[in-house]
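This report concerns only the one structure given below.
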Amino acid sequence: MVCVEELEKKVSNQTQEVERLRSQLGATDLEKQLELLLVENQRLKKELKSCKSTDAAAESCSHCSHSQVCCVTHMVEEEEPADAGRAVAELQKKNEDLLEQLHTQKQLQKDLQTQLHESQRICAQLRTQILVYEGEMARAQGQLEAEMQNLEEEKNRVIEEAFIRAESEMKAVHENLAGVRLNLLSLQPALRTLTLDYNLLKRQVQDFPFMLDQAITQAKQEICQVISEVSTTNQELLRKYKREMNLRKKCHNELVRLRGNIRVFCRVRPISQEEQDSVDARTMLSFDSDDDAVLYLSNKGRVMKFELDKVFPPPASQEEVFQEVQSLVTSCIDGFNVCIFAYGQTGSGKTYTMEGIEDNPGINQRALRLLFSEVLEKAPDWDYTITVSMVEIYNESLRNLLGDSLSDRLDIKMNPDGSGQLYVPGLTEFTVLSPEDINRVFELGHMNRATACTNLNEHSSRSHALLIITVSGYNTVTGSRTQGKLNLVDLAGSERIAKSGAEGNRLREAQCINKSLSALGDVINALRGKHSHVPFRNSRLTYLLQDSLSGDSKTLMMVQVRERLLGG
Ligand SMILES: Nc1ncnc2c1ncn2[C@@H]1O[C@H](COP(=O)(O)OP(=O)(O)OP(=O)(O)O)[C@@H](O)[C@H]1O
């Protein structure tokens, strides 16, 4: 019993110790250990309790067994001797069991005491640990306090510095403020002016839409007025322009009249390399550098002077030649008839001047292109139609170079409309609308001419080729009409073949050429001399060109010569 009381006391002490430790230590791991100790403590309490109850039972059992033994003895005295002996044995057995139980309980109590010692040892260890922890905590707290002290000092220092800095900044701000105040004072008048300006501008902005409306209305009125003035001026200018155009036409005609309706130009063909080497070259032409209308011919020591309207020396280009004839070309737009002849011996450059070569066209193509551009410029007031015919006169018969059959001979007849004009029934006329059309017409003409003869070069030397361009105009404003004709003629070679003793066809060709060329000469002479009778009917050529040679028609004879006249 003393042992149990001691255990109880120890347990109670241990509990108190545990509580004290718990209150001292808040650490989690210690708490866990204490938790375990508590559990152990509980378990020990329970075992102690059960130990107590076992002890009590054993004690009561020892009393009970004694009374039972007495009772059994009593019963044995009273009962039969055999039964009594059995009962005693049973009771002795029970008594032995109980004694064994008691022994077991004592052993258990001993174990518990061992455990209790172990717990006490652990408690002592824990206490030591707690002391160590407390020492560490005290050290840590010392460090913490020292750190706190440092921090406090640092804080005070920083505050001190910040305060000093703030003071100096404050001082600077005060100074700035004073400056700003001064500035503000000086700016006040400017601010007042600005405010006034601002108010003024504000009023103007408010008034702006109204002013804008007014300005737009005024501008509209002014524009309308200007437009009407411009329109009136335009009308006036148009009227003046028309008057000027008429004047220009009159001046142009007057100029042409003064120059004479018949002009003679001379173009000298440069000599080729072969001709240069020719030993027969014997005649020389020379020019007057001050007068482009004079040509000198030196032959056998004699120098002859020829005066013409214009002389083109060998270097003269196709363009230069055309510039001199283009006023004649354009006059057919105004309704004049024009004839341009290329006259000269075979090889003197007639075809070169009229047709030109592929990359350097002559008068024919340039004239058509110029007419196109001129009539385009006059649109839309004028509506023009340009038609083209190509004719060849060979042995005094007319061939339609743009027709289907070259063997058909054309005739020249009086127009049945009673106008007294001549016309050629069956002559093909192509309306050309573009420069491409011109090329097509020329190609067709050349092709027809080439297929009709065995040697085109020879044939072209012995026939006249005519390109007849008719320009018909209609004025869409006035309703007036004009018609002009431009005849571009590449004449047959002018050499006197008849004198060289040609016979047969060549003789007939030569006679025809001579006849038509002298007829042309006669007509030009008669026209120049203003004769009352002009012999147009003496050749097909002059008869065909009658309209274009008479009246106020203009004629240009381009005399082609070679720079050196070859012998023979
Ligand atoms: N001004 C010139 N500049 C350079 N070459 C020219 C010039 N005139 C003519 N020729 C050249 O001289 C040669 C003869 O010219 P072209 O055929 O025009 O003579 P033509 O008088 O028409 O002869 P034909 O009476 O035989 O038709 C051609 O090769 C031509 O290219």
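Note that Cβ sites are derived from N, Cα and C of the backbone, with glycine treated the same way.
The DSSP secondary structure for Gly344 (ATP binding site) is strand. Here the Cβ of Gly344 (ATP binding site) has 22 other Cβ atoms within 10 Å, regardless of which shown protein chain they belong to. Look at TrEMBL and you will find Gly344, Gln345, Thr346, Gly347, Ser348, Gly349, Lys350, Thr351 tagged as ATP binding site.
Sequence annotations record features per position, and here TrEMBL assigns coiled coil to 4-54 (among others).
Per TrEMBL, coiled coil is recorded for 88-161 (among others).
Positions annotated as domain 'Kinesin motor' by TrEMBL: 261-568. Across the domain 'Kinesin motor' (261-568), mean pLDDT in this model comes to 86.
Classification of Lys350 (ATP binding site) by DSSP places it within a helix. Taking a Cβ distance under 6 Å to any atom of ligand 1 as the criterion, the binding-site residues Gln345, Gly347, Lys350 reduce to Gly347, Lys350. There are 18 other Cβ atoms within 10 Å of the Cβ belonging to Gly347 (ATP binding site). Those same-chain residues not listed among Gly344, Gln345, Thr346, Gly347, Ser348, Gly349, Lys350, Thr351 yet with C-beta within 8 angstroms of the centroid of the ATP site C-beta atoms are Arg269, Ala342, Tyr352, Ser461, Gly493, Gln560, Arg562. For Gly349 (ATP binding site), the same-chain residues that are 6 or more apart in sequence and have a Cβ closer than 8 Å to its Cβ are Arg267, Arg269, Gln560, Arg562.
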